[in-house]
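According to Swiss-Prot, the features are:
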BINDING   Gly13, Gly14, Gly15, His16, Ala17, Gly18  FAD binding site
BINDING   273-287  NAD(+) binding site
Amino acid sequence: MFYTETYDVIVIGGGHAGTEAALAPARMGFKTLLLTHNVDTLGQMSCNPAIGGIGKGHLVKEVDAMGGLMAHAADKAGIQFRTLNSSKGPAVRATRAQSDRVLYRQAVRTALENQPNLDIFQQEATDILIEQDRVTGVSTKMGLTFRAKSVILTAGTFLAGKIHIGLENYEGGRAGDSASVNLSHRLRDLGLRVDRLKTGTPPRIDARTINFDILAKQHGDEVLPVFSFMGSVDDHPQQIPCYITHTNEQTHEVIRNNLDRSPMYTGVIEGIGPRYCPSIEDKVMRFADRNSHQIYLEPEGLTSNEVYPNGISTSLPFDVQMGIVNSMKGLENARIVKPGYAIEYDYFDPRDLKPTLETKSISGLFFAGQINGTTGYEEAAAQGLLAGINAGLYVQEKDAWYPRRDQSYTGVLVDDLCTLGTKEPYRVFTSRAEYRLLLREDNADIRLTPIAHELGLIDEARWARFNQKMENIEQERQRLRSIWLHPRSEYLEEANKVLGSPLVREASGEDLLRRPEMTYDILTSLTPYKPAMEDKEAVEQVEIAIKYQGYIEHQQEEIEKQKRHENTAIPANFDYSKVSGLSNEVRAKLEQHRPVSIGQASRISGITPAAISIILVNLKKQGMLKRGE
């Protein structure tokens, strides 16, 4: 039967990609439906109970800057906050929050249920309806049909998911949840390129059976960071420590003696796992020279006895998992509450997607999250937001929007996926970004909030707060530029006490702040430069902009050079077979990838600068040479 209402956007899946994908078009004013197999697991943290980290924290800030939910939920649920790389430069500093699973899920569900234009319905989707290569709706397990102008698929690990514990395996989307088998079969019929990936999770341990007294304690930061630009430290719940233990030679011996029972080492698992989050059996075999690996014991919540042992993800049999756990210091008498497991699942080649995350072959069908070959809550959330935005724009028949590589880590992520594809679970790192000095956590709002306002993603309160911050930054920079200190000043002696070398020529406040020994706090403690500004976010921007001005200007010059042809559009109907001078190999790769811009084409492996020049000449000849935004 047909459901009576027609939607603008339907989102399948209520994980980290799905929740952002549903909220974005709803905030833009589009009637949106979120289909989930279980409303009680919306925003579920299926693996590590943490948000953020190197590169990942940048994505969280970007999602927040565009009105997304993840940062707000992390602030509400974070039970230990840390700033990683705090002693390094601002480009690589990253926020991480250990999270209470229950509080996080509650924050997500509350936001979804209170969002206008958004309906939530509990049903497993089994079919995507398509007419003349255009999506028209979704069918569910109980025979309901929902009509929609666009559909976003965010199925995570559920598509033909198979769970492995030892040599035993069974269908499942994650522990306790069934797999989406029918939907997987339907998607395979669409002709999209599909393959298998694998991820895993460690056993959960009963905290009451751990001897914490003999373990090293890890506290969070004393000055607590905040994820959301609209957040406050007052949003954070009680803060608690994590603990550290280590594997040892006994642990490694248990693992080596049981590799014949490992689904990874006996060929049962065919999917490729995440390079940067390997299983403990992988670590022991790949790093055979190491006799110890550090394991973080992370609490799963303020009211839970479960502990997440970060670093021993495994698919070995349960008795072997017990041997691994009990071999470590402090865990000699520990009990496992939930066994660890590996899961294989379908993912689709992201090279079959436009940078908007719409499929190239089916209009109005978008993919986001792990089904695009990524790993991590943060990568999923960023994709969900982008897909949600473009699903809304598609409904309005407006121009699509997606960020450039020099604009955000989301832009880096999507460009890497859609241009290069991936054969293993992809995660974001700061090292993947060419212009990371410009793509910092602290300036995500400056980069993206004006765009979010233009797209209708943020409310007036956020916009007003952002504009006030920008005004504070400009006023303070003007103030520091206008106050000069000269060698005959009555304040010279006071200044020389904090300067590394005495002042010998006239200098403005900006000039003094550029000195390596000077900070904003020290500068504004000097009489001429009092008082300090109260807006700490604005202070941070002022200090970074002044101290790193030369480096920032250099990167901006590099970007302008790159932009010259980066955004030159290649029409979807461009016929490479009629371009003389291209080798058969280059022509085949271009036909396969169908890049949407010269910049994207240039990053395809094997596409030479000479080939790019030939394409540009032909675009010009055919009157197709149009610059993108």
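Cβ atoms here come from the backbone N, Cα and C positions, even for glycine.
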Exercise. Restricting the comparison to the binding-site residues Gly13, Gly14, Gly15, Gly18, which residue's C-alpha is spatially nearest the C-alpha of Lys283 (NAD(+) binding site)?
Worked result: Gly15
For this session: Write down the Cα-Cα distance for Gly18 (FAD binding site) and Gly273 (NAD(+) binding site), rounded and given in Å.
Result: 23
Seminar exercise, completed: DSSP, reduced to three states, assigns Glu281 (NAD(+) binding site) to helix
Exercise. Which ones in the same chain are close to Phe287 (NAD(+) binding site), with CB under 8 Å and 6+ residues apart in sequence?
Worked result: His293
Problem set entry | 8 Å Cβ shell about Gly13, Gly14, Gly15, His16, Ala17, Gly18 centroid, FAD site members excluded | Val11, Thr19, Glu20, Ala21, Thr36, Gly43, Thr154, Gly156, Gly369, Ala380, Gly384
Exercise. How big is the Cα-to-Cα gap, in Å, between Met285 (NAD(+) binding site) and His16 (FAD binding site)?
Worked result: 33
Exercise. What's the CA to CA span in angstrom from Gly18 (FAD binding site) over to Glu281 (NAD(+) binding site)?
Worked result: 32
Exercise. If you count other Cβ atoms within 10 Å of each one's Cβ, which of the binding-site residues Ala17, Cys277, Met285 has the most?
Worked result: Ala17
Problem set entry | For Phe287 (NAD(+) binding site): DSSP state (helix, strand, coil) | coil
For this session: Spatially speaking, which of the binding-site residues Arg275, Cys277, Ser279, Glu281 is closest to Gly14 (FAD binding site)? Use C-alpha to C-alpha, please.
Result: Cys277
Exercise. What Cα-Cα separation, expressed in whole Å, is found between Cys277 (NAD(+) binding site) and His16 (FAD binding site)?
Worked result: 19
Exercise. Looking only at Cβ atoms, how many others are within 10 Å of the one on Glu281 (NAD(+) binding site)?
Worked result: 24
Exercise. What is the separation, in Å, between the Cα atoms of Arg275 (NAD(+) binding site) and Gly15 (FAD binding site)?
Worked result: 23
Seminar exercise, completed: Judged by other C-beta atoms within 10 Å of its C-beta, the most isolated of the binding-site residues Gly13, Gly14, Gly18, Gly273 is Gly273
Seminar exercise, completed: DSSP output for Gly18 (FAD binding site) maps to helix
Exercise. By a simple count, how many Cβ atoms lie within 10 Å of the Cβ of Arg275 (NAD(+) binding site), its own Cβ left out?
Worked result: 12
Problem set entry | binding-site residues listed as His16, Lys283, least Cβ neighbours within 10 Å | Lys283
